[in-house]
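Have a look at the structure below, then the notes.
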């Protein structure tokens, strides 16, 4: 990292501000050759760190733009190197001309992600924080953004630090037992050691579980609206979207294929799917639509089964026919503003895991209760404090740690000596190092010497 890199760090296209960032040993020297103020170019000694300097970016005799310039002296910068920022007016042609001049002065084009790579290599960030920055930039919902923010501010880093500390303490105990077996020292019992390992394993499993739940929410819950024609599926779709997305008609079979649309529910992207009405038909195209409706319904995360309570009479027959589909669904009794006297929600009391809600798409009655039920089904929807987000690479390493600890427990139960099962603890520690890019085996010695009197 002896060279100096530069790149435009704002998004492409025109904007109010365009920023060029430069990092490396020659960043300040190169910068000073373009900073013109009070009829002269500024010398490096005149540029104070962490101070906004208003000046002209000038190439030779040619004034390019009135800019703000910032200098961050190593190691107190994002990359840990000397880092400079030029804040231009955001014209891409202007930025290109300035950047080309910076390259001619000795900097080279930065590679993709190279500023963050240098931050990692200079220990300004660990790998989990680098990955969190990428997630922060690409987040598609408030929920994902909040989870990325937690990782940027060290959520996974703190977890791995705690995990590592516990495993090093465990390893120190085991190594002391091996190396100082002739000393008159008291060690923890096997049961105590098993409990410690189980606790560490449980921490990892909880983390993985929270991440899996978070990933499910980020990847979109699919909520499928299902039922016979004219039960109000398309009307409910429009109500939930807050706009006319599905065609509404009294003619059965209007919706021939499923229609899907994304909404944000408590900051989480949810995919709503309006399906074709299910009925007996000879129309080939409508049959294909109904087949797709069935597939969508079966694969849904949340199933909204709509019925028209203003028309249906024989509810017991309906329950017997639809029981399998009703189980685990939310039954939406629509059109309660024109309720038929035959309707009785208690008829559904023996259907397993069924929520019955009464609504009117026309008057909006019961819609808030439906939204609450959806949130309940998704499990504390939108509360990012209940979740942790792991990248696929991180999850793999934590799952490997769990396997190492499982094997450690197995060896302990089989009566294996510490010399054998300590290797699995070593493997687990190596995996933690892979998570955040830090491995330091010397720390184990420090733990041993601080705990036991060995200096004879």
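From the backbone N, Cα and C atoms, a Cβ is placed for every residue, glycine too.
The annotation (6S)-5-formyl-5,6,7,8-tetrahydrofolate binding site is assigned in Swiss-Prot to 21, 85, 124, 456 on the grounds of sequence analysis. What Swiss-Prot records for 220-379 is domain 'TrmE-type G'. Positions annotated as GTP binding site by Swiss-Prot, on the basis of sequence analysis: 230-235, 249-255, 274-277. Look at Swiss-Prot and you will find 230, 249, 251, 254 tagged as K(+) binding site. Residues or ranges marked as Mg(2+) binding site by Swiss-Prot: 234, 255.
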(message) Counting across all protein chains present, how many other Cβ atoms fall within 10 Å of the Cβ of residue 85 ((6S)-5-formyl-5,6,7,8-tetrahydrofolate binding site)?
(response) 21
(message) Under DSSP, is residue 233 (GTP binding site) part of a helix or a strand, or is it coil?
(response) helix
(request) Calculate the distance in Å between the alpha carbons (Cα) of residue 234 (Mg(2+) binding site) and residue 21 ((6S)-5-formyl-5,6,7,8-tetrahydrofolate binding site), and round it to a whole number. (result) 51
(request) Work out how many Å separate residue 21 ((6S)-5-formyl-5,6,7,8-tetrahydrofolate binding site) and residue 230 (GTP binding site) at their Cα atoms, rounded off. (result) 59
(request) Could you state the whole-number distance in Å separating the C-alpha atoms of residue 230 (GTP binding site) and residue 85 ((6S)-5-formyl-5,6,7,8-tetrahydrofolate binding site)? (result) 61
(request) Identify which of the binding-site residues 124, 233 has its Cβ surrounded by the largest number of other Cβ atoms within 10 Å, counting every protein chain shown. (result) 233
(request) Can you grab the distance from residue 85 ((6S)-5-formyl-5,6,7,8-tetrahydrofolate binding site) over to residue 233 (GTP binding site)? Cα atoms, rounded to a whole Å. (result) 54
(request) Within 10 Å of the Cβ of residue 276 (GTP binding site), how many other Cβ atoms can you find? Include all protein chains, please. (result) 27
(request) Look up residue 276 (GTP binding site) in the DSSP assignment and report helix, strand or coil. (result) coil
(request) Fill in the CA-CA distance, residue 233 (GTP binding site) to residue 124 ((6S)-5-formyl-5,6,7,8-tetrahydrofolate binding site), as an integer in Å. (result) 53
(request) Calculate the distance in Å between the alpha carbons (Cα) of residue 276 (GTP binding site) and residue 124 ((6S)-5-formyl-5,6,7,8-tetrahydrofolate binding site), and round it to a whole number. (result) 55
(request) For residue 230 (GTP binding site), list the number of other Cβ atoms lying within 10 Å of its Cβ atom. (result) 22
